[in-house]
Amino acid sequence: MEPREAGQHAGAADGAQEDVAFNLVILSLTEGLGLGGLLGNGAVLWLLSSNVYRNPFAIYLLDVACADLIFLGCHMVAIIPDLLQGRLDFPGFVQTSLATLRFFCYIVGLSLLVAVSVEQCLAALFPAWYSCRRPRHLTTCVCALTWACCLLLHLLLSGACTQFFGEPSRHLCRTLWLVAAVLLAVLCCTMCGASLMLLLQVERGPQRPPPRGFPTLILLAVLLFLFCGLPFGIYWLSRNLLWHIPHYFYHFSFLTAAVYCAAKPVVYFCLGSAQGRRLPLRLVLQRALGDEAELGAVRETSRRGLVDIAA
């Protein structure tokens, strides 16, 4: 081998080693963020399901936390073979199950975020109509319908693109993934439109302090999705529709997806925290949800208790 060719081979080997090291760093960060996200979403799920007063928007966040929890669990398990550099490999049906379950939870979380954005926008634009005419069980029905529709799409994709229910159909599989791509685009546009209208309504509202709680939470969650959650959806659709994407986008989208799911509980607790005061997590989450009436009742009860003790 000539010296020039030897140098080229050595340079290629060094570049490959650097790529492997970089990918390992990204995957390790993804695992760490996923673990933090599991703890954060687990805390949100526990607080919303047991201790915190359930306003309509709390039910949305309860379902979002559940979807994120399942997504992160599958996400962390799915990247273990890449992290261990081929020393461990899952059977094909396990890899397929993890992949389809991740996309299912991703679409559920996005659909719920769209639903809560639209409902918060309606509450800001038409407060009188919303408070008087809103169906009592609207949130529960929307959440149940979202899970059911996403499950139907999940089963159709599994039946057409995998061997779970028989021989896969390439034509039907590609058609369903195109439907999923259109669905993702429609959901993103609807969410952005509702969030923009909500932002304009908050800015143009009467002369009063802007709401620190739930509207701000929704706007931050939407921004978080656009910058961190959307790359995973783009990667997943491109992969299944056989569109060309850069190789580095694979690990990048996995990292940003972990950031997206792990950062949402941080946003909840940061928005609900009181500057200069340490509050229980239950009250912090209530403040983020805008349960001012419930918080007032809690404070009044606390004051009465102190008075009774003093007496």
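Heads up, the Cβ atoms here are built off N, Cα and C, so glycines get one too.
With respect to the membrane, GLN85 and ARG282 are annotated on opposite faces, judging by the topological domain names in Swiss-Prot. Residues in the topological domain 'Extracellular' (85-95) partition by DSSP class (helix H, G, I; strand E, B; coil) as 4 helix, 0 strand, 7 coil. Only pairs six or more apart in sequence are counted, and the transmembrane segment (96-116) with the transmembrane segment (217-237) gives three or more Cβ pairs under 8 Å, enough to call it a contact. At the 8 Å Cβ threshold, with sequence separation of at least 6, the transmembrane segment (26-46) comes into contact with the transmembrane segment (252-272) through 3 or more pairs. Within the same chain, the transmembrane segment (64-84) stays apart from the transmembrane segment (217-237): fewer than three Cβ pairs sit under 8 Å, each pair at least 6 residues apart.
Against the transmembrane segment (252-272), stretch 217-237 shows more Cβ pairs under 8 Å than any other of 137-157, 178-198, 217-237.
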